[in-house]
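Colleague: Sending over a structure as structure tokens; questions will come in a sec.
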């Protein structure tokens, strides 16, 4: 066959995943997570069988929390993989957003499971089946023990950060109010219950408590509907706990600026704008790259005489305390200076020509003009209120002869003329006369305007 020397070997998706899994499994820290994952799968298998034998939907809802623990273990493995990987040309900011995506997917899947439980519970209210309590209590304690043991034994950095940074759930708020009352009586419990409990530990304990109440009511009164009510309660607690984490991780994926750092960023930008040589700070954009990692870019306009490297060092030093991944673009002031040409310029470029033609619209018909003013007369309009003995605008083009020497090469006469000559000669244009300071531009106008050819007033 044909031998392709420079052809890259294309791996399949399964091959790429296997290669990355071997990379993670080579680290000793991941062995503990893999062991807990294997035990989790065995526990999920037993719990699902017990859910089927007891016909309890509340135990099924609680089993979904164990499945969520499996998702959290996978997220922890992804976090270790992210720490091993280095930035590449395709991922110049690194791979930290993969663990954000893993947290978002895990919380959303947990909420979908809660919605599924709510739908099944609504159907069970119409026809409530019989619940067998033989393995209900055993399954509850097995799931509670394994969930608490997993949460407290594995240090899951992504979920630990999200649980602290996200807003509190309604379950945490109610428990916090109750904890303040208890800590007022027993102050020693404040380190456990305050300021707020771990949401995952809290939902595990609350779900187990709901299942214990269900077991007792079914054993005492055969009240099977309480199983459906407990399932709804566990589903609502799951949804309320996971929703704030989904919102927080979703905002990180949307590259929004965290609200708690906006004030600090504004303060740093004001300090940067006062640095020596900085004229303006604009086009600033800051966003959360990963959990606890802030990225940003900013444009800085500086003076022409400022040192770019010095300004860049000062700006980076100020912003690096808060923004770990920073891009600063320095550009100097863009105002334009007038340039002086060293090439001699021809006189006909700078000087005005000797003959200037002022284009003006031609005169209209005499029968359309009012003899008093230059405004066209209308038969139905009243006579004009004011009339001025000044030349109108409807005159033909006038050719002005310019033979006077033009100082400075620009054609402007800087001599002075008596004020009376200006009034006697009508409207004048400076620097355009033949032998005088001011000359009227309307010498060829018909005698009906202003003065006649002999300089006598019009009768």
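Sequential numbering from 1, following the chain as shown.
Even glycines carry a Cβ here, placed using N, Cα and C.
As listed in TrEMBL for this protein:
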type	residues	note
TRANSMEM	31-50	transmembrane segment
DOMAIN	34-254	domain 'Cation efflux protein transmembrane'
TRANSMEM	62-83	transmembrane segment
TRANSMEM	95-116	transmembrane segment
TRANSMEM	136-154	transmembrane segment
TRANSMEM	200-218	transmembrane segment
TRANSMEM	224-243	transmembrane segment
REGION	369-390	region 'Disordered'
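Mind mapping these onto the model and telling me what they sit next to?
Modeller: Proximity of distant same-chain residues to the transmembrane segment (62-83), defined by a Cβ-Cβ separation under 8 Å and at least 6 residues beyond the stretch ends, is recorded for 20, 23-24, 27, 29-30, 33-34, 36-37, 40-41, 43-44, 47-48, 51, 94-96, 98-99, 102-103, 105-106, 109-110, 113-114, 117, 139-140, 143, 146-147, 150-151, 154-159, 203-204, 207-208, 211, 234, 238.
Same-chain neighbours of the transmembrane segment (136-154): 32-33, 36, 39-40, 43, 46-47, 50-51, 54, 56, 59, 62-63, 65-66, 69, 72-73, 76, 198, 200-201, 204-205, 207-208, 211-212, 214-215, 218, counting only residues six or more beyond its ends whose CB sits under 8 Å from a CB of the stretch.
Sequence-distant contacts of the transmembrane segment (224-243), counting only residues of its own chain at least 6 positions beyond either end whose CB sits under 8 Å from a CB of the stretch, comprise 56-58, 60-62, 64-65, 68, 107-108, 110-111, 113-115, 117-118, 120-121, 124-125, 128-131, 169-172, 199-200, 202-203, 206-207, 210-211, 213-214, 217-218.
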Colleague: Take the transmembrane segment (31-50) and find every residue of the same chain, 6 or more past its ends, with a Cβ under 8 Å from one of its Cβ atoms.
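Modeller: Result: 25, 59, 63, 66-67, 69-70, 73-74, 76-77, 80, 135-136, 138-139, 142-143, 146, 150, 153-154.
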Colleague: Residues sitting near the transmembrane segment (200-218): Cβ under 8 Å, six or more positions beyond its termini, same chain?
Modeller: 56, 58-59, 61-62, 65, 131, 133, 136-137, 140-141, 143-144, 147-148, 151-152, 159, 163, 171-172, 175, 224, 226-227, 230, 233-234, 237-238, 241
